[in-house]
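Per Swiss-Prot, the feature GTP binding site maps to Arg52, Met53, His54, Ser55, Glu56, Gln73, Glu94, Gly95, Arg96, Thr116, Thr151, Lys156. Residues or ranges marked as Zn(2+) binding site in Swiss-Prot: Cys57, Cys68, Cys70. According to Swiss-Prot, the active site, proton acceptor annotation covers Asp128. Swiss-Prot lists Arg130 with the feature active site, nucleophile.
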Amino acid sequence: MAEVRARVDFKVGAKSNIDAEILSFRGLKTDKEHVAVIFKQADQTQDTPLVRMHSECLTGDVFHSSRCDCGEQLEETIQRMGESGGVILYLRQEGRGIGLYNKIDAYRLQSQGMNTYEANNHLGFDDDLRDFTEAAQMLEALGIKKIRLVTNNPKKIRELAEYGIEIVEVVNTSAHIKDGNENYLRAKVSHGKHNLKV
């Protein structure tokens, strides 16, 4: 059974001005170092907190890549939760689970005209290798059973529900369109069935 290992105060956001806590876990299904970032002690003060499962994206979250909208989605969520509370489950699932180097290989194929899913398939991977069991384990360790899920991705909704988490509302993020990510976002809508207006 998963449990919280450590809970530490820190400040987050583009200007490091939003109070939050970062939590580590023990007893998760794998040895990946997933973390939770909690705003306004939402796990203890809210019956149905906002929750976002955000898969690690070094290129988008850290380097603000033009190829995706991951960093913008993360920052939008941090701002929203900084105001109203919530929980970000930051999952170490780079490139929809294929890993950083394979994602860079997929970028090369995307530069040659493939979309994000075609590139992953060409490299021998399924569309999405992520498993959200550990996200459910993290929520259980926090005592959270009902949530308002921040996502555009139907797979996340479906899998969390399968793991027994009650989703009372789905809150979509904005479409963060910029020069370089239009094809990526269109593929997420047409192929991944994401709820985005692009």
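Including glycine, each Cβ sits where the backbone N, Cα and C put it.
Model, not experiment: these values are computed from the prediction.
Distribution of Swiss-Prot features across the structure.
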residue : record                       : Cβ within 10 Å
Arg52   : GTP binding site             : 25
His54   : GTP binding site             : 20
Glu56   : GTP binding site             : 19
Cys57   : Zn(2+) binding site          : 23
Cys68   : Zn(2+) binding site          : 23
Glu94   : GTP binding site             : 18
Arg96   : GTP binding site             : 22
Asp128  : active site, proton acceptor : 18
Arg130  : active site, nucleophile     : 20
Thr151  : GTP binding site             : 22
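In this structure, the CA atom of Arg96 (GTP binding site) is 11 Å away from the CA atom of Cys70 (Zn(2+) binding site). In the three-state DSSP scheme, Arg52 (GTP binding site) falls into the strand class. On the backbone, the CA of Asp128 (active site, proton acceptor) and the CA of Glu56 (GTP binding site) stand 14 Å apart. Look at Arg96 (GTP binding site): DSSP puts it in a helix. Around Cys70 (Zn(2+) binding site), the C-beta neighbours below 8 angstroms that are at least 6 residues distant in the chain are His54, Ser55, Cys57, Thr59, Gly60, Asp61.
Of the chain residues outside the Zn(2+) site list Cys57, Cys68, Cys70, Thr59, Gly60, Asp61, Ser65, Arg67, Asp69, Gly71, Gln73 have their Cβ within 8 Å of the site's Cβ mean position.
Across the fold, the C-alpha of Arg52 (GTP binding site) and the C-alpha of Cys68 (Zn(2+) binding site) stand 17 Å from each other. Of all residue pairs in Arg52, Met53, His54, Ser55, Glu56, Gln73, Glu94, Gly95, Arg96, Thr116, Thr151, Lys156, the annotated binders of GTP, the farthest apart have Cα atoms separated by 22 Å. Cys70 (Zn(2+) binding site) falls within a helical segment according to DSSP. Glu56 (GTP binding site) sits 12 Å from Cys68 (Zn(2+) binding site), taking the CA atoms of both as reference points.
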